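Structure first, commentary second.
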Amino acid sequence: MTSSGPGPRFLLLLPLLLPPAASASDRPRGRDPVNPEKLLVITVATAETEGYLRFLRSAEFFNYTVRTLGLGEEWRGGDVARTVGGGQKVRWLKKEMEKYADREDMIIMFVDSYDVILAGSPTELLKKFVQSGSRLLFSAESFCWPEWGLAEQYPEVGTGKRFLNSGGFIGFATTIHQIVRQWKYKDDDDDQLFYTRLYLDPGLREKLSLNLDHKSRIFQNLNGALDEVVLKFDRNRVRIRNVAYDTLPVVVHGNGPTKLQLNYLGNYVPKGWTPEGGCGFCNQDRRTLPGGQPPPRVFLAVFVEQPTPFLPRFLQRLLLLDYPPDRVTLFLHNNEVFHEPHIADSWPQLQDHFSAVKLVGPEEALSPGEARDMAMDLCRQDPECEFYFSLDADTVLTNLQTLRILIEENRKVIAPMLSRHGKLWSNFWGALSPDEYYARSEDYVELVQRKRVGVWNVPYISQAYVIRGDTLRTELPQRDVFSGSDTDPDMAFCKSFRDKGIFLHLSNQHEFGRLLATSRYDTEHLHPDLWQIFDNPVDWKEQYIHENYSRALEGEGIVEQPCPDVYWFPLLSEQMCDELVAEMEHYGQWSGGRHEDSRLAGGYENVPTVDIHMKQVGYEDQWLQLLRTYVGPMTESLFPGYHTKARAVMNFVVRYRPDEQPSLRPHHDSSTFTLNVALNHKGLDYEGGGCRFLRYDCVISSPRKGWALLHPGRLTHYHEGLPTTWGTRYIMVSFVDP
């Protein structure tokens with residue numbers, strides 16, 4: 001047998017065998033062994049798996065003629081992934097070769113298909129076969145399988161692989177017929193042992209000119225040789241190079257435990273992706289959803305398995321997906337009591353939007369694996385479920401056409417590539433370690449950064465993916481896909497698909513969105529999203545920075561100057577203002593507005609206010625990051641020639657009330673410049689208030705919520721806080737560059 005993958009697995013090997021020893025001038029016309037028209041590739045496959053279709057795609061690329069044996073038949077050749085077997089392949093080949101028993105001008109290459117890729121042309125294959133001087137050339141490997149005791153009977157080899165591998169051989173039809181007609185064993189007997197014993201017969205080996213491809217000129221078996229193989233990129237083609245023997249193999253065989261490495265190579269060879277042409281096969285199987293017809297029915301499964309920042313925004317994005325909601329059934333599993341209010345707020349909209357909905361809450365006490373099994377099985381058991389779309393709450397799909405795009409890719413399983421903003425952390429692994437955990441593939445960074453764009457066969461995907469419903473029903477009918485082992489649910493899921501020979505595809509052809517970081521999300525805060533400026537800066541900005549801030553920074557005429565050198569610009573969103581005030585009131589320990597202040601190094605405040613420092617609520621670092629990221633650039637734009645490090649020791653929220661502290665006496669600030677942000681609405685939350693700059697006799701009487709006043713501090717801008725006459729006024733103040 002060949003040391004191949006789970007049976008029925010078949011290997012694709014494309015060697016070429018020599019005609020009888022004779023000079024070119026002695027050969028009759030029509031019997032040129034380098035004539036591709038006289039070459040036939042025979043392979044074996046009982047089902048049109050993705051591996052088989054990949055093999056055919058590579059054969060079609062080079063215009064090979066392929067004959068497949070066994071399609072639609074039952075595999076009775078044993079579990080060749082775990083033990084000996086594969087004899088059924090020899091029986092099928094024996095019968096097929098009867099057709100060519102007298103074809104002396106014909107060359108046959110036999111290869112498996114599920115784990116084989118062709119990397120060279122028929123002409124190259126035939127030339128290399130002729131150069132081998134053989135009538136039948138087998139592929140070679142480093143292991144004597146399945147009987148190590150036969151190793152000593154093999155001829156010594158100076159350089160190269162010593163032992164026969166039956167996953168690929170090439171030879172004259174008459175010679176192959178002479179070999180396989182000797183098969184008289186059972187279907188689950190070992191094919192490789194059969195060929196090995198014939199090869200080890202010295203008389204037969206010499207009589208039939210049997211040889212091994214010791215240096216991988218034609219056949220590259222990957223098992224035991226991964227360190228020898230590298231990708232060789234040409235402008236519009238990719239192949240592998242064996243650096244140990246400096247050869248360019250024509251047939252690449254992922255025998256034994258090297259299926260994932262073959263998948264990696266198959267992303268490139270022969271034209272999966274090239275530096276000049278990009279993705280060569282991406283559009284080959286695409287199927288555009290026809291207009292005017294209802295699109296496929298989708299089961300959308302959403303999982304909230306841990307405390308997750310910005311969940312209300314995630315739920316609102318579900319309503320914006322560019323896909324007819326009447327064709328979507330929503331399943332939502334929430335494992336967190338903390339998020340129940342968020343889901344309750346959005347659930348009426350979700351119920352009205354989608355064709356059907358189901359909510360499973362924390363009271364069900366389902367593990368993440370059990371919840372995922374439940375959702376997937378609901379699709380599996382529904383004949384009308386055409387696609388299963390799994391989406392975790394820590395994904396941010398900014399491309400609203402994601403679902404439509406993935407369906408049109410027409411793959412059994414496909415995920416959109418998502419990564420954390422500015423990080424290499426993503427929702428896929430490019431390779432696995434020997435114990436099936438994360439390993440970084442050579443192209444991982446290029447894929448995450450989209451320097452190489454295409455559709456990729458990877459060993460692990462998570463957090464967002466689409467699966468065909470019929471794939472679940474026919475190829476993965478068991479329910480316990482996620483919870484059937486002790487491993488992480490996503491790892492168990494991926495292994496289940498890999499073990500079935502189902503490819504896990506990843507598309508990075510489009511910008512789909514990003515992932516959220518969740519590990520440091522602290523739900524002890526009243527509004528924990530406020531603290532996400534470091535971990536999830538893009539989402540934080542979208543939620544908490546004023547929608548017109550960027551336009552103001554770009555000089556689009558939004559910034560105002562109500563007083564000399566006093567600039568007014570939009571900075572914080574309404575939500576940021578509200579949550580900042582709520583955090584302060586929730587903390588509740590307002591200073592008394594006295595001169596004595598134990599929070600200060602000297603214990604004395606010259607111009608006291610009723611306030612709470614950012615440091616008191618644990619928000620100092622986050623606020624300083626806001627100053628660096630948003631206030632610093634604006635300051636340098638408004639005051640040309642000044643460079644700020646946006647340092648501030650005093651950052652605090654001030655509360656003005658008529659019965660508490662209604663105003664603030666004239667003073668200079670201990671800063672190079674001061675930031676003063678209104679946190680609520682005049683006329684709605686309070687009356688009065690405002691700021692007067694005494695030297696210029698200039699008053700700003702109606703501060704706008706979320707807008708910041710930016711002005712010089714010490715020396716020039718002597719100012720006072722005007723009395724608040726009704727309600728409560730809140731402002732955020734920073735003394736920057738003291």
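Heads up, residue numbers simply count up from 1 along the chain you see.
Each residue, glycine too, has its Cβ placed from N, Cα and C.
Here's what Swiss-Prot has on this protein:
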type     : residues                                                                    : note
SIGNAL   : 1-24                                                                        : signal peptide
REGION   : 25-290                                                                      : region 'Required for glycosyltransferase activity'
BINDING  : VAL44, ALA45, THR46, ASP112, SER113, TYR114, GLY256, PRO257, THR258, LYS259 : UDP binding site
CARBOHYD : ASN63                                                                       : N-linked glycosylation site
BINDING  : ASP112, ASP115, HIS253                                                      : Mn(2+) binding site
DISULFID : CYS279-CYS282                                                               : disulfide bond
REGION   : 295-520                                                                     : region 'Accessory region'
DISULFID : CYS379-CYS385                                                               : disulfide bond
CARBOHYD : ASN548                                                                      : N-linked glycosylation site
DISULFID : CYS563-CYS698                                                               : disulfide bond
BINDING  : ARG599, TYR656, ASN676, ARG729                                              : 2-oxoglutarate binding site
DOMAIN   : 647-738                                                                     : domain 'Fe2OG dioxygenase'
BINDING  : HIS667, ASP669, HIS719                                                      : Fe cation binding site
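Sorting the domain 'Fe2OG dioxygenase' (647-738) by DSSP state (H, G, I as helix; E, B as strand; all else coil) yields 3 helix, 51 strand, 38 coil. A straight line from the CA of VAL44 (UDP binding site) to the CA of ASN676 (2-oxoglutarate binding site) spans 76 Å.
For the disulfide-bonded residues CYS282, CYS379, CYS385, CYS563, CYS698, the greatest number of Cβ atoms within 10 Å around a candidate Cβ is found at CYS379. Mean pLDDT of the predicted structure over the domain 'Fe2OG dioxygenase' (647-738): 94. Checked against ASP112 (Mn(2+) binding site), the disulfide-bonded residues CYS385, CYS563, CYS698 differ in C-alpha distance, with CYS385 being the nearest. With the fewest other Cβ atoms inside 10 Å of its Cβ, the least crowded of the binding-site residues ASP112, ASP115, ASP669 in this structure is ASP669.
In the three-state DSSP scheme, HIS253 (Mn(2+) binding site) falls into the strand class. The closest partner of ARG599 (2-oxoglutarate binding site) among the recorded positions, by CA position, is HIS719; the full candidate set was THR46, HIS253, CYS379, CYS385, HIS719.
When the recorded positions ASN63, SER113 are compared by the number of other CB atoms within 10 angstroms of each CB, ASN63 has the fewest. Recorded residues CYS698 (disulfide bond) and HIS719 (Fe cation binding site) have their alpha carbons 9 Å apart, per Cα-Cα distance.
Of the recorded residues, CYS279 (disulfide bond) and HIS719 (Fe cation binding site) place their C-alpha atoms 64 Å from one another. Separating the Cα atoms of ASP669 (Fe cation binding site) and ASN63 (N-linked glycosylation site) is a whole-number distance of 80 Å. The binding-site residues recorded for this entry are THR46, SER113, HIS253, HIS667, ASN676, and the Cα of THR46 lies nearest to that of CYS379 (disulfide bond).
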